[in-house]
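Here the structure is laid out as structure tokens; the discussion comes afterwards.
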């Protein structure tokens with residue numbers, strides 16, 4: 001719905017909680033939409049737990065802050081929002097009613113955090129409790145042009161309150177930080193650029209399309225000499241392929257691999273048609289096992305330098321078109337090393353008069369609503385949504401609502417006497 005790059009995480013797979021805190025911080029600093037949910041109960045729709053949380057329910061994450069207490073202890077807390085907007089909230093540590101903890105926070109900081117004991121669906125949790133209780137986290141990274149011109153409505157960042165230590169801050173006060181985006185259209189063509197995964201012939205893998213990424217600057221606030229790079233490969237026209245062929249799964253098994261070009265390689269002759277091979281490269285990372293999803297996403301932390309990104313299908317000679325998107329925070333450039341093929345659009349329909357348009361969810365007046373979208377879903381998906389809750393099909397709708405709520409509906413006067421911005425996610 002947003003056109004952003006989505007990343008999904010299972011909290012059971014998070015090995016380094018400090019690193020994930022930083023990942024979430026980078027995301028929220030860039031106005032990403034973050035959602036979390038608990039696996040639904042198959043026997044009860046949106047079952048309420050004793051701690052106040054709802055299974056199968058999608059929550060929006062609206063802030064993540066480190067706070068120094070009056071006891072000098074530093075705690076990490078996360079603010080979530082229940083879209084119901086009522087008294088159904090978290091009841092554990094740092095909830096609205098947990099005065100034992102909130103009384104350790106001075107009045108000025110509580111005002112900065114907009115802490116209020118209200119039945120409004122918004123609540124704070126200890127970061128460790130948040131990871132223990134929620135199971136699924138989705139981050140939607142918005143492209144720089146998303147809601148362009150509107151993003152300064154509320155500056156979003158993170159700070160350690162009442163200390164000199166900043167976890168995140170703006171490069172310059174009041175300056176909004178957005179991703180730098182580069183994108184390319186590409187194709188796997190049989191006998192040319194559809195080299196597969198490299199089994200059994202490794203050299204065939206490097207006939208796949210190659211994209212040069214040059215990182216010139218590190219993250220603005222990282223401090224570790226690294227740059228965050230988010231890469232995505234999206235398969236095109238899969239809906240049309242399903243409609244024309246009648247197959248349930250039109251997506252190929254795909255993967256993205258990132259290689260660093262060795263420092264000894266001469267970069268002066270790089271251009272269209274140039275190919276790099278194992279002798280030139282050092283493998284850095286990938287998006288994991290090949291999977292038949294429409295889009296695969298990888299988040300990499302790398303040093304400045306020259307890199308090659310290679311999208312591939314698992315099987316050799318599998319044809320398809322794709323979109324490559326690359327998000328970086330620091331300085332970067334991108335270049336396609338392929339002899340470009342024009343985008344021919346979706347596969348030709350079986351009849352000349354047949355057209356494929358995005359009508360799912362559109363009314364007669366061409367307007368779009370969630371209910372119209374719901375009515376267009378197959379019955380199996382409607383039942384999944386009906387009995388399992390919105391979290392079973394993703395938290396995108398909630399995140400959109402949370403985004404707009406955060407940006408336009410929740411502007412509060414800053415209580416800071418010096419009129420400094422409240423630094424939070």
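Cβ coordinates come from backbone N, Cα and C, glycine included.
As annotated by TrEMBL, domain 'Calpain catalytic' applies to 1-143. Across the domain 'Calpain catalytic' (1-143), DSSP classifies residues as 33 helix, 43 strand, 67 coil.
For 57 (among others), the entry in TrEMBL reads active site. Its Cβ taken as reference, residue 57 (active site) is surrounded by 23 other Cβ atoms within 10 Å in the chains shown.
If you look up TrEMBL, you'll see 82 (among others) marked as active site. When other Cβ atoms within 10 Å of the Cβ of residue 82 (active site) are tallied across all protein chains shown, the result is 22.
What TrEMBL lists as region 'Disordered' is 333-363.
Taken from TrEMBL, the feature compositional bias 'Basic and acidic residues' applies to 352-363.
The feature transmembrane segment is assigned by TrEMBL to 384-404.
Distance from the CA of residue 82 (active site) to the CA of residue 57 (active site) is 8 Å. The average pLDDT the prediction assigns to the domain 'Calpain catalytic' (1-143) is 92.
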